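Novice: What follows is a single structure, and I will ask about it in a moment.
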């Protein structure tokens, strides 16, 4: 029974020495001297702020993309014990001792290092030789721009890693398709392709380009499967469902999970709260939540409320009034009603309070039991401090003459009667009997007499002049088609009024709100709002010293100075390997010309290369040329500040094309042994030049050693490059 113990247990394993060596070389090239410089390098000043906010669990919104990449950077800080205490306000600022620089830069460096073996494996899975795969990996290894971008707390190397992982996983899955469908490894690589696509999109929305490309390739492959008569209808349906689950459902679920973790971690109020709705703000700990905690949920007749405009950009503001009146005549000679001003005020103030009044009763307190206001009810809004009624009439607004002036009515005993009845319309109601709720309900106020809608128009125009204290204009919009957010309001602060006397009511309005009720948003509601803000929030894109156009990238006519030593000439630049970039462009041009030539010849029934070589050529082009195109061409349509590093994902695909074209030329165009030998010698010479350029620009890739003024000038190979030289 124990006979098996008479022989030793032997475990055999295949080790790809090429792959192991490339991985080690990639790690050395990216991790060597990772803590240098111990100073803020370029966009570390941007991403570092978010890492600090993660460490302190403070909510933020970044309009540049989803949160997964930020969370990975924050994970590095967490593993290094970072407490978040550092002021990210200046490029070049020295890191304090509490900042774990090596740990913060570790994950981007690891991602950049692993791109080297991934490039090798991708070419192997594309059925090219190990020599071509080795060439692709070495080109990625020696690409100065990829090294620079992966050695700092930036996201591009992580994005490229997940893109390449998605491509490799899909290729492995596709190659297993032929002989082991639905096996364990088949499922593993298919699922990993979906996961990697989701992670790429979660790091930056640029990852969506490669995801769409892989979906298109998967769709094309499945279309070919439909024509396979050996597959039954059931088998085809199983293949379709497997791809749908792995490449669509799982990525969507993972994308949602990134936001779930993000919102779970960031539960404290912070500086970005103001762009979110009141309901979102109230769900965070501190900030508005401290004010609104314990408020009554249902708005009733007699309720004291503040009304926040839902649009909230470029700044949040509340419906406001004060004792000052509109001037009798404006600067342009138009007359006004000389009624009490109503504005939208961007700060919390006692003059933001209003009382919801029943037009049929005089009391300004909540009855017992309270009578809730519902959708469609007619109300009057009484300004809490001045007790004047919100009013609008057929008088042109001060800045928007096409709209009606909104005021608080003063009875001047002239032929201008009060028109102060408003119909409450709950925009996000579930039924026509919905109750108006604090924070949750988004309402429009429709003027009964004129059908004008209460609107904060100051978001799109100028603020009021000095007589209006530069506050935002509020108007009655006559043409109220649709539900523009500037016409929608929500109750932010709310209390049940108890004082009928004006003096007592003023004291009440100055006191904080206190009644206990807790109402949190669901995850999907928070996700939807946050996702919408990310997609629509636009920061003012100021022209940057190192910004560039997409046309500048192909020929690398631009660079970015990432860091400059405060005393010596040591500096770091985002500069690519000139030989590699030029070779990538030539390879793309050769591929396009050869493909066109082959297509024309095949149309004439002339086949220059075997069918299997043609299929290999087309599939490789679909991945490499397609990957370059989808990651580059969309930038011509974008209205945003662009930088050279935006080109790196496209460049990576273009670099993979170089050894593919070289192998094709060697195998199919160099027919004689002499030509093959000469071509091999040229490749060796060319690759030596790649290595030479890598070594030449290493000082500005790694930031050391420091170079003299003469050496720096010698590195300026193009007049458009901005190499920093100190004045002597």
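Residue numbers in this text run from 1 along the chain shown.
In case you wondered, yes, glycine gets a Cβ from its N, Cα and C as well.
Unlike curated entries, TrEMBL annotations are predicted automatically.
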Novice: May I ask you to indicate which of 20-41, 42-63, 130-151, 240-261 is given in TrEMBL as transmembrane segment?
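Specialist: In TrEMBL, the transmembrane segment feature sits at 240-261.
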Novice: If TrEMBL is the reference, give me the range from 537-557, 642-662 marked as transmembrane segment.
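Specialist: Going through 537-557, 642-662 one by one, TrEMBL gives transmembrane segment for 642-662.
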Novice: Give, as a single whole number between 0 and 100, the mean pLDDT over the domain 'MIR' (370-427).
Specialist: 90
Novice: Compare 68-88, 186-219, 612-630, 642-662, 674-694 by their Cβ pairs under 8 Å to the transmembrane segment (578-600) and return the stretch that comes out on top.
Specialist: 642-662
Novice: Please indicate, using numbers and ranges, the residues of the same chain that are 6 or more beyond the transmembrane segment (612-630) and have a C-beta under 8 Å from a C-beta there.
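Specialist: Non-local partners: 122, 126-128, 163, 167, 171, 209-210, 212-213, 217, 588, 591-592, 594-595, 598, 602, 649-654, 656-657, 660, 664, 667-668.
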Novice: Mind checking how the domain 'MIR' (296-359) divides into helix, strand and coil residues in DSSP?
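Specialist: Summed by class, the stretch gives 3 helix, 30 strand, 31 coil.
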Novice: Can you tell me which of 154-174, 642-662, 674-694 gets the most C-beta pairs within less than 8 Å of the transmembrane segment (68-88)?
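Specialist: Maximum Cβ contact count belongs to 154-174.
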Novice: Using a Cβ cut-off under 8 Å, which residues of the same chain at least 6 positions beyond either end of the transmembrane segment (674-694) come close to it?
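Specialist: Residues packing against the transmembrane segment (674-694) from afar: 135, 138-139, 142-144, 577-580, 583, 662, 665-666.
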Novice: I need to check the long-range neighbours of the transmembrane segment (642-662): which residues 6 or more away from its ends have a CB within less than 8 Å of a CB in the stretch?
Specialist: 115, 119, 122-123, 126, 128, 132-133, 135-136, 139-140, 143, 145-146, 149, 154, 156, 159-160, 163-164, 206, 209-210, 544, 546-550, 552-553, 556, 558-560, 574, 576, 580-581, 583-585, 587-588, 590-591, 594, 620-621, 623-629, 631-632, 635, 683
